[in-house]
Amino acid sequence: MGRGRIEIKKIENINSRQVTFSKRRNGLIKKAKELSILCDAEVALIIFSSTGKIYDFSSVCMEQILSRYGYTTASTEHKQQREHQLLICASHGNEAVLRNDDSMKGELERLQLAIERLKGKELEGMSFPDLISLENQLNESLHSVKDQKTQILLNQIERSRIQEKKALEENQILRKQVEMLGRGSGPKVLNERPQDSSPEADPESSSSEEDENDNEEHHSDTSLQLG
């Protein structure tokens, strides 16, 4: 016949309670020791009896295990608190994001409606003062566009004038350079006299010279005869 199941409840008899405590305490310490050896675990066991007596077991230094337990517990609690704070912030942040998202959607719709009205659309539901205000905005926009066009044309004219002036100045500089080059490399004038060419004898001049020679000879002969 099998062993009956013992009901787990407080033992009212003090003697029986202490006997049971002693047996189970020793068994618990034995199991803790086996666990530390078999599984290479750091095990610490602290037991307080009903009379206030303390019993303990530790596979290593008890203070070391307690210090590690305190650090781990503090880190775990801090981590849990941090996660809890992050969850709270995320919750509040989501609400803020949703509110901001709704606000941005409303602003976007308002801007889109304003753009459509500037195009002359979606005018239904506008009051007379709103239409006058829209007309004034359109007139101001039109004047701004015209002013910008005029300014662009003036800028283009000014740039063209500057370019034309620059081109004229460059042409003048090139013309002067060409003139200077022409003066420096022009043909030189030769101031040499032509060589005297021996002219052919003129018959008349030669005959007159012969007559003069004959007269001189005749005069000399006459002088000889008279003398």
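Just so it is clear, glycine is given a Cβ too, placed from its N, Cα and C backbone atoms.
As recorded in TrEMBL, the features of this protein are as follows:
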| type | residues | note |
| --- | --- | --- |
| DOMAIN | 1-61 | domain 'MADS-box' |
| DOMAIN | 94-184 | domain 'K-box' |
| REGION | 179-227 | region 'Disordered' |
| COMPBIAS | 199-215 | compositional bias 'Acidic residues' |
Can you tell me how the residues of the domain 'K-box' (94-184) break down into helix, strand and coil by DSSP?
82 helix, 0 strand, 9 coil
For the domain 'MADS-box' (1-61), what does DSSP give as the number of helix, strand and coil residues?
26 helix, 10 strand, 25 coil
